[in-house]
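So that you can see what the record holds, here are the features copied from TrEMBL:
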- 8-59: domain 'PAS' (DOMAIN)
- 79-131: domain 'PAC' (DOMAIN)
- 121-148: coiled coil (COILED)
- 202-232: coiled coil (COILED)
- 267-340: domain 'PAS' (DOMAIN)
- 338-390: domain 'PAC' (DOMAIN)
- 429-650: domain 'Histidine kinase' (DOMAIN)
- 672-787: domain 'Response regulatory' (DOMAIN)
- 721: 4-aspartylphosphate (MOD_RES)
Ligand code: ADP
């Protein structure tokens, strides 16, 4: 083992010795403790001289060498540390050092072993490489430069060419210049000659100028002499001028004097003639009141001569001498007076109204010597004034008369208007009044016709029925026309299924068409949106009129009803309806006329086919007031086509009233009907018709009785008349729906299908309507429609679903409640349950107060509901609805629309309760 060890150590030391890399061992103090031959070689210092010396002594940077071995001891091992060894002779060797510590068996550090690697060669190689790279780079650069030079050369060559060209041009230019120079030289020579000539001329002129200067001097001297002489002459002249002026002045003064004296004479003559010429009387009066002078006008106005007047008393000539005296005195007192009214009397008694103006006149010392008075004849003015006053009086009178006339006209207009109103009222009332018994007549005739009679009797009965039918049509037409005239024709906007609605209506003609052996062809464009918004009742009325004309005027062939979509956009659809027949046709000359009131194509029409000529007039009104157009094409004996176009709004809503037709032969058993109708005849008729259907019926005379009956018994359908004493159909329905909460289908019986009535029917919760005279088939179909469906409340359901769908999204929003209660579950539950407790009684109070018309209570109960809307996030709409109800309630009258609003609010509140109950349960679950 010992031997092995010594072998190993020998082997190691021979390896070390053989290493060409310098190897050194260093003590902890950094002193060399051993090395190999390579180290000796690299430093050129003997082994024993190296031992004990400092490791860093043999490097170019001793400090760096020290850091190296210190780091070796500190870290344990360092690699590739670059140092440069300087050998004895000063040669430098670049070395990369690796160093690591070596330890004894106990792990104590004994020293470090450092191995260096000569990298001078590598370094040189690298430098060579670098140098090569540099050269390569330089080559590239040179190449680049050469390329640039080539380009530059080309550029230069180009420039040379350009320059050559330029040079050639310059040579040409030079030649030109040389030529020009020659020319200029020539010109210069000429100029020189010319200059010489000028010079000579100049010299001549100079000479001449000198001579002139001398001559001028001579003249100047002569001028001076002359000026002196002239000055002397001027002085002499001035003297003469002065003498002349003096003479002139004197002569002018004497002339002026003459003219002045003359003009004075003229002036006095002039003023005298003016005074004389004056048409106003002028009088001069002495202080004593005697006339001293006057003009001609005075003589004329008094009818006396100047002589007669002179010296007489001024006052004598006035109708009121006292007043004249007063004026005259006033002149003296005030020195003047203006526009005093007096009346002069002519000798012949004629009076002249005058206005007096007077002023005193004085002598040179200012003493008053008399009065001058000028009078102005104002007779004419007075006359005009009088006439004016009269005219004013007359005008006032005329105004009075005119006003009276106006009042009369207004009252006449009022009377006329009242008369028109009365006429309309009368028409409405009469047709209403006529209708009821008429309906009974027709109804009973129909009933009678079903029983056994002799052929003759049946014929009479048919005659009665036909007359009745004709009368009812006439009455309805008159009523419609009266409405159109009064501008009362209104149109509803409700969603309806057009196809179903039209086919239900055409159904009514089937029997008639079959009877006449005609064919009915229907074409309905499937592109027409299923539900459209419009007035189905009016649409029926239009088509009904056209089809019944077609049936009436067609003996053989067919009648086609065509409905097609003309255009459609996001909002609306325009539909064309045409009714085409193969009947008698209309002569071209009459085609314009047939849309006018009471116009038929020929005078014989009424006799042959009946009718009044009102139908098309109404149809045209109905189409045009809805913004549509109607036209007709017709060929005599071939047929006619009436077509009209109407636009309908599109909607996503469901249709409100379905008009499916149920056949009479469908078997219905054990059906009980409540007929609410006040008129005995109608009661009886309904009873007969319904019993004939095999239904069981009860009759109530008004709404109140109906409600009582409904408390005791269930009915399948209620037929409800609208106008009744005590409690009308609307009120009764409202009560049934909202207080009794009954959902029994209610069909309104309307004598007069107005849109207003229909809207009201819908609002209070009726399911459908039927117009009187009741068409049995339609009535049966409608009743069947309701009783066949397991859930009766067909329309109501639709109605509720529509509302509920809206509500599902927006009825409650607990964001506010969450925020207020900071989502505290218990608080939230408390709030919700408070709402749930309070709301149902409030709803009840609201409904009851509406039925009882207790407006104050209605107002108060709605008032109590309002705060909860915002707490439960029920939206501003509910609040507005409530406020609207309050507004209605404060008017203290049953307004249209209030029941609808109450119903809507009730629905919303009930829905809110349902949702809140769910919410309450949800919160409850989260905390349990
Ligand atoms: P009525 O039918 O009551 O006479 P209308 O105003 O409906 O009144 O019609 C006016 C007239 O137009 C009719 O009298 C008839 O002469 C003519 N007319 C209307 N429709 C047709 C038709 N389809 N074929 C032939 N003539 C028609």
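Quick reminder: no glycine exception, Cβ is built from N, Cα and C everywhere.
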Where does the residue listed as '4-aspartylphosphate' sit in the DSSP three-state scheme? strand
What else in the chain is close to the coiled coil (202-232), if you only count residues 6 or more beyond its ends and a Cβ gap under 8 Å? none
Using DSSP, break the domain 'PAS' (267-340) down into helix, strand and coil residues and give each count. 40 helix, 16 strand, 18 coil
Tell me, roughly as an integer, the mean pLDDT over the domain 'PAC' (79-131). 81
Can you tell me how many other Cβ atoms are located within 10 Å of the Cβ belonging to residue 721 (4-aspartylphosphate)? 26
Residues in the domain 'Response regulatory' (672-787) per DSSP class, helix first, strand next, coil last, are 55 helix, 24 strand, 37 coil
